[in-house]
Amino acid sequence: MGDWVIGAFINLFGSIAINFGTNLLKLGHNERERYSAMDGEGMAGKVPLKPIIYFQTWRVGILIFILGICLNFISFGYAAQSLLAALGSVQFVSNIAFAYFVLNKMVTVKVLAATTFIVLGNFFLVAFGNHQSPVYTPEQLAEKYSNITFLLYWLILILVVAFHHYIYRRGETLLAFSGHELRPYWNMLLPFSYAVVSGAVGSCSVLFAKSLSNLLRLAMSDGYQLHSWFTYSMILLFLSTAGFWMARLNEGLSLFDAILIVPMFQIAWTFFSICTGFIYFQEYQVFDALRTTMFIIGMISVFMGISLLAPDEPRGGEVKDNSHMNSVVFQH
């Protein structure tokens, strides 16, 4: 059994744990809002929300979420980044089950069809993706970070993040000061822009985790000494980007409906993780015409699935009041 198969199985369990933890986090936010509404009955003004950490469901969710991240971190040492990122499709399957059984959401035929497209697309991505995972020396890893192609990719990534952050802030301002309902496309654009910013930055944690896993694998096989400036830099960058991703995920769950925002988060994270792995590790070098075509078909199928997850028309009062913004919520 190849190393990539071991990494794939570890990543599958990690992905399911991450999705289960994510839904428990959302359930914790729902409980907090429900208790706040109950405490505020018969009282003038709005009762402040209790800190989310006081709710056991949220605490259990964050532990399971962290366990999933640890499993995924281990898996990065055994398989290509683009392959493992594509395996996130299992989260869409588990997300339907968790949304139905844990969050008591009504799963529609449209959501099932969207999930089918996404899983089918990710099947193509896995089947025709890169199955190699060579071990690099610290010098080789550092050289790849200074590659001109990779630096150009990072510049593009920064521009994408800046653009979507501006779009999100623009929508936030319109909601706060326009005094009238926004056009329907904002119902999709607001969570989409939020997810793109989160996924673009959060996907960088995958690259740093992959580099750290590579160093750990090198240390176990060749006795490489981990205490070096490069190792510490990777740890700092990983903690920073992973912390940003978790904070944005937690905030996004409090702003948007889980059955909408969770797939958006995962799509953005998967897309940017695959692109980063392609550019940094040059994983595209193993692709021929057939594999390239099948890989593109897989990506198209994934995007078709996410487009089906978009809400149709806002149904009366789907604006969710929050302490710092009003956000559109997808109701089922």
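Glycine too: its Cβ is placed from the backbone N, Cα and C atoms.
Here's what TrEMBL has on this protein:
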TRANSMEM  6-25  transmembrane segment
TRANSMEM  60-78  transmembrane segment
TRANSMEM  84-103  transmembrane segment
TRANSMEM  110-128  transmembrane segment
TRANSMEM  148-168  transmembrane segment
TRANSMEM  189-209  transmembrane segment
TRANSMEM  229-247  transmembrane segment
TRANSMEM  259-281  transmembrane segment
TRANSMEM  293-310  transmembrane segment
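Here the transmembrane segment (110-128) does not touch the transmembrane segment (189-209). Their Cβ atoms form fewer than 3 pairs under 8 Å, with each pair 6 or more residues apart.
Highest Cβ pair count under 8 Å relative to the transmembrane segment (259-281), across stretches 6-25, 60-78, 148-168, 189-209: 189-209. Under 8 Å from some Cβ of the transmembrane segment (6-25) lie the Cβ atoms of residues 57-58, 60-72, 74-79, 83-84, 87-88, 90-91, 94-95, 98-99, 102-103, 126, 133, 249-250, 253, 258, 262, all in the same chain and six or more residues away from its ends. Using a Cβ-Cβ cut-off under 8 Å and counting only residues 6 or more beyond its ends in the same chain, the transmembrane segment (148-168) has close neighbours at 189-190, 193-194, 196-197, 200-201, 272, 275-276, 279-280.
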